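In what follows, a single structure is set out as structure tokens and then discussed.
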């Protein structure tokens, strides 16, 4: 059976090579060719013996998911639509800044968590992405951005904040994270990789044990009553449990703070009283807040909080000593802003709000 080498992290690739009677250093060579150099053709791996190249051609492929479209925003943001098969596509976003280049990666085709303010959840859920489909987004973005030639690192940061809940696809997300960290692959620092979660408490503990990277928690409400409505997973893992999990994660995290993501919804969660409730909620967790202006999508009942309200809300948090930033909306002209990623999902598990765009239309 032919295997896709993009599905292997360093450890599993070494094990597969051993099964083929090859030494560990050969696996490292191939890993460097695939991920550092972005090479998919075994014949182009010139420092590998011809006999091994022939063996690889017979037993393996390097098959990243295809890029269906590549849209460039007026602000330099790029959104890639990635074909993951069976009529499904996911979205990957590159956000350039003066001091960094951040790639936002998807981990699922759709999302089952159905957060009230997020268009991905309204598309429904199909399936988890494979390791190749997750790391393949980074592989393809490096090619599109010209980052596979020369020493300059175009993508300096990766965030698992695209479509889906990374911790609901734990095994494949962690394998992809390990490739990002591997010096023979992408060589990123743990501090420069962020996993975003809506609060799957037991799996947060697993991440801390197995692959601690920077953590962002989609908080969005200061109390259980409101969060139950906005982030339904809260009904299973309420805020008291979530805050305790954040404290445990900090014992293993590469950064000494948790980032709390907080979407600003006009008249819903943006009052002074909400800000004061937040201060009481997070008093035992060393944290930063990232306030996110709501990005509208068809069928949503919410409105973006006025800019002055967002500034005042941030001031309350900062006056209490909490570092608080307001995310600059990027890529909204190409629907690449936070909460707008919808891709194309053939939903088999629950109803879908709005129309799902077939890939044949997306390509046109």
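Backbone N, Cα and C define each Cβ position, glycine as well.
Database features (Swiss-Prot):
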type: ACT_SITE; residues: 91; note: active site, proton acceptor
type: DOMAIN; residues: 97-333; note: domain 'Radical SAM core'
type: DISULFID; residues: 104-338; note: disulfide bond
type: BINDING; residues: 111, 115, 118; note: [4Fe-4S] cluster binding site
type: BINDING; residues: 164, 165, 196, 218, 219, 220, 295; note: S-adenosyl-L-methionine binding site
C-alpha spacing of residue 111 ([4Fe-4S] cluster binding site) relative to residue 220 (S-adenosyl-L-methionine binding site), in angstrom: 17
Nearest of the recorded positions (91, 104, 111, 115, 118) to residue 219 (S-adenosyl-L-methionine binding site) - Cα to Cα: 115
Residue 111 ([4Fe-4S] cluster binding site), number of other Cβ atoms within 10 Å: 27
The domain 'Radical SAM core' (97-333) [mean pLDDT, rounded to integer]: 94
Separation of alpha carbons, residue 91 (active site, proton acceptor) and residue 111 ([4Fe-4S] cluster binding site) (Å): 13
Neighbour tally for residue 118 ([4Fe-4S] cluster binding site), based on other Cβ positions within 10 Å of its Cβ: 26
Pairwise CA distance, residue 91 (active site, proton acceptor) versus residue 118 ([4Fe-4S] cluster binding site), rounded so that it is a whole Å: 14
Spatial neighbour of residue 104 (disulfide bond) that is closest, considering only the binding-site residues 115, 165, 295 and their CA atoms: 165
Close binding-site residues near residue 118 ([4Fe-4S] cluster binding site), where close means Cα within 10 Å, chosen from 165, 218, 295: 295
